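**Student:** What follows is a single structure, and I will ask about it in a moment.
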Amino acid sequence: MSEQSTVPEQSASDSRRAGFVLGVDVGSSMIRCHVYDRAARICGSSAQKVESLYPQPGWVEIDPDVLWLQFVAVIKESVKAAGIETNQIVGLGISTQRATFITWDKKTGKHFHNFISWQDLRATELVKSWNGSLLMKLIHSSCRVLHFFTRSKQFLAASLFTFTTQHVSLRLAWILQNLTEVQKAVEEENCCFGTVDTWLLHKLTKGSEFATDFSNASTTGLFDPYEMCWSKIVTSLLSIPLSLLPPVKDTSHNFGSVDEEIFGVPIPIVALVADQQAAMFGECCFQTGDVKLTMGTGTFLDINTGNNPQQSVGGFYPLIGWKIGQEVVCLAESNAGDTGTAIEWAQQLDLFTDAAETEKMAQSLEDSEGVYFVPSFSGLQAPLNDPCACASFMGLKPSTNKYHLVRAILESIAFRNKQLYETMQKEIHIPVRKIRADGGVCKNSFVMQMTSDLINETIDRPVHIDMSCSGAASLAGLAVGFWSDKEELKKLRQSEMVFKPQKKWQEYEVNMGNWVKAVKRSMNWYKT
């Protein structure tokens, strides 16, 4: 278990007296906590690596007891690093990985199993069975007819709906079908279900609070973003009792206080938010048409669609960004896997020592000498949607060296960004206002500049790239009046660099055309 704590030089005695907010991000690979002052400066930080468990092929779990200890530890360490007292914390905001869930005993609080990660594939056969079923075909055809006559977006969404293993829905159905302890607890109405946010809230309040927020609920596959409630249709289809599911609250909301036995003082828990939505908020993408490009383990492209959920054919799905009082903000999101994963894989092959080296390695060449990389260790997502695609290098020659391989990997990330952006433009008919990037890979200026060139848009990179922490803290700060409104947050956000298009699309056209050929040859490689 690795950990780190840092404290910037700017911690000042006057700001210490003013109070602070905490932003915690529980990600798939790391759990981070930052302490923010009123100027939104990071005064202290702590991070630990989240360890995934692989009990069987395709199964991905997280030990809840270990995660809990890490959560408590990063808060204590970040407060210590900031040189402040816990009683100076005026609010806690929690951002979490999405669609990772657990069930537990309502009376004792004891969990029935480990967290089932959003990456877990145990429900693959259930997904195939449901998506290929006569019932799903009937639902799709009926909703297509209803959409034709009514033009209702809700019927369009239903006509395109398919289950995936990333949804909670069928992984939860698998648990209900296969774990007798859970079945018994459900029958006795003694079972609670929760994503990471709900479980942490339950633990922090010693069992007194049971809730989630709209952003987390909307990513489960069990929530109807049009009706803004748990879907009675989906839960009924899968025999999931509504009584299992937590009440859905505003994103910036008083969820209760941390039991004072944990940190010595009762810290207010005033924001629960899903990680991509938190990053969107942290980037101050508050207006319709604002776009966020997160490049981390995978790439997520989100556009603010106002208060209207937007469904597309090519792979953009509707989510609730956040709900604060009467304000409901919807997003359309799509993703590409294996962004940071590809870079980490190359590092494991000793193509470089530090990921920071890759920028100069790529820039030292005119081109990749006809070498192309397909980043599909976990298949290809939108707009190609092929889970059977394989990762590959193509165009290798005796003269190919590690510099060509690294450049090809970085180019593939930019090419996938271009594909996602084009799909968004074709299917989400909302003019783009601005684009902001975050995530670890956005530190790579080669990828950033090439993406800017390919999409012919200006892209803003912030000073601090941990936008999920920032968004959680911002939502918490608004809830307690630490910051007055979103206009104040906009003024506090700091831009590190703005990338403007330097090359025309024509200069990339042949290269991207060849890369697309490589992608097509990698598709349908695996049988299942």
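Each Cβ is built from the backbone N, Cα and C atoms, and glycine gets one as well.
It should be emphasised that the depicted structure is a prediction, and the values quoted were computed from it without experimental measurement.
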**Student:** For the glycerol site that Swiss-Prot describes with D275, Q276, which of these is also annotated: R98, R433, R436?
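**Tutor:** Candidate in the recorded glycerol site: R98.
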**Student:** May I ask you to find which of G132, G194, G440, G471 Swiss-Prot records for the ATP site already listed with S28, S29, T297, G340?
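**Tutor:** Site partner of S28, S29, T297, G340 for ATP, according to Swiss-Prot: G440.
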**Student:** Other residues with Cβ within 8 Å of the Cβ centroid of S28, S29, T297, G340, G440 at the ATP site?
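**Tutor:** Close Cβ neighbours, site residues excluded: G27, M30, G296, G298, T341, G439.
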**Student:** Could you say whether, by DSSP, T297 (ATP binding site) belongs to a helix, a strand or a coil region?
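**Tutor:** Going by the DSSP assignment, T297 (ATP binding site) belongs to neither helix nor strand, so it counts as coil.
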**Student:** Name them in sequence order: residues not among R98, D275, Q276 whose Cβ is within 8 Å of the mean position of the Cβ atoms defining the glycerol site.
**Tutor:** S95, T96, Q97, S215, T219, A274, Q277, A278, A279, F300, S468
**Student:** I'd like to know which of the binding-site residues S28, T297, G340, G440 sit within 10 A of R98 (glycerol binding site) at the Cα level.
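**Tutor:** Hits: S28.
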**Student:** Please report the Cα separation of D275 (glycerol binding site) and T297 (ATP binding site) in Å, rounded to an integer.
**Tutor:** 13
**Student:** Just name the most isolated of the binding-site residues S29, Q276, going by other Cβ atoms within 10 Å of its Cβ.
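**Tutor:** S29, out of the binding-site residues S29, Q276, has the fewest neighbouring Cβ atoms within 10 Å.
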